[in-house]
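Positions annotated as active site, acyl-thioester intermediate by TrEMBL: Cys113. Annotation comment: TrEMBL describes His399, Cys430 as active site, proton acceptor. Feature annotation from TrEMBL assigns domain 'Thiolase N-terminal' to 28-298. Taken from TrEMBL, the feature domain 'Thiolase C-terminal' applies to 329-443. Here TrEMBL flags 1-23 as region 'Disordered'.
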Amino acid sequence: MSASEPSRLKLVEPSDFSPSEPPRARRVAIVGGTRVPFARSDGPYATASNQEMLTAAVNGLANRYGLDVPGVVGEVVAGAVLKHSRDFNLARETVLGSKLDARTPAYDIQQACGTGLQAIIAAANKIALGQTESAIAGGADTASDAPLGVNDALRRILLEARRARSTGARLKALAKIRPGHLVPEIPRNAEPRTGLSMGEHAAVTARAWGVSREAQDELAATSHQRLAAAYERGFFRDLVVPFRDLTRDQNLRPDSTVEKLAALKPVFGTDGPEPTMTAGNSTPLTDGAAVVLLASEEWAQARGLEPLAYLTAYETAAVDFVRGDVAGGGDGLLMAPAYAVPRMLERTGLGIEDFDLIEVHEAFASQVLATLAAWEKQGLAPVDRDRLNVAGSSLATGHPFAATGARIVATLAKLLAEQGGPGRGLISICAAGGQGVTAVLERA
């Protein structure tokens, strides 16, 4: 990106706002980010709650930037995909348990795997419009501490008993309980409309786009190797705070190679010909939390903080994956970024070649490769692999659903800042339900 190239979002002073016309957008700065190391589910964080992990991430940010001062943070936006009923007010309870001022407003948001980035976008919009000067946004998820529910038959019986007007009626309702009713409802990684897991959907997409096993294993090995290299050079020293004796992402395999991955047996798409998806080229269930500090330029300047980058564009999209997968997988469950990114680039007048760095969430190696192929099919330039996920991504870090967006934003913003000059980065995140959330970060 040329230093003389104008930014699309103009900084507008508060005095420029008029009650008779809508405010014009201000630039939104990415000041920094913090996360806990991600852990494989049922491991080190087996008893950690979403709130505990999110609080640890928020406190890491508060310690680093002195955010324990009353009124310094305008609001907190965060979410989780797997939530207990006790987490109905997760973001606000996190604030109350953290070092932030207890008077800091907070609210929850959820868009499956896009939750973290969507939370950042929601906070950024308020800053851009002058409605707040700073915000913390991100998310947390745990598959270890998953919410188990009573099965639906038992739930209905218990509700009937609660509605009973007499002891006899209550006992009559409770007498309907049978041993089979005591089997709990366990959350499933499956789409309600199809009954297929995300991996099973991705296997359909992999076949539809002709994604090879070798290409998937190469992408996965590269992700681990690049994440390991980033840790070794100290890149994550100010982005990751220790939690429950972990200092690095537990899923990281520094010695991962294509040859080792090739020895793994397929776990998805095994009912079809030549399955290609294994545990090694798919993300494991993961626990973790991540947050990002966003602010107006004035807020950052007043505190002597240099923004890492600016959030300048974003786009969401959705696909009809139910019909798409039935029709052959071209518009599969995780393919919405194939539409969101071209739409965003058309609106901003940019092309793939205009980006120094590109971050594509690695739910599965096959999904990343199918997305890249879909972009090319729509006329976008091929992605230079030397610019793709240069510090590793979800295949290596793991993927706590709602935390991934903030992890990627913080990582990309710091990578751009390290370049020392103008730069631009693209973010692409697929999400359950056939959705996609994408964004552009810039450093002028």
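Yeah, the Cβs are placed from backbone N, Cα and C, and that goes for glycine too.
TrEMBL labels come from automatic prediction, so no person has curated them.
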C-beta crowding around Cys430 (active site, proton acceptor), within 10 angstroms:
32
Sort the residues of the domain 'Thiolase C-terminal' (329-443) into helix, strand and coil with DSSP and give the three counts.
53 helix, 25 strand, 37 coil
Rounded to the nearest Å, what's the C-alpha distance separating Cys430 (active site, proton acceptor) and His399 (active site, proton acceptor)? Just drop the number here, would you?
12
Assigned conformation of Cys113 (active site, acyl-thioester intermediate) - DSSP reduced to three states:
strand
Cα separation, His399 (active site, proton acceptor) to Cys113 (active site, acyl-thioester intermediate) (Å, whole number):
9
Across all the protein chains here, work out how many other Cβ atoms are within 10 Å of the Cβ of His399 (active site, proton acceptor).
26
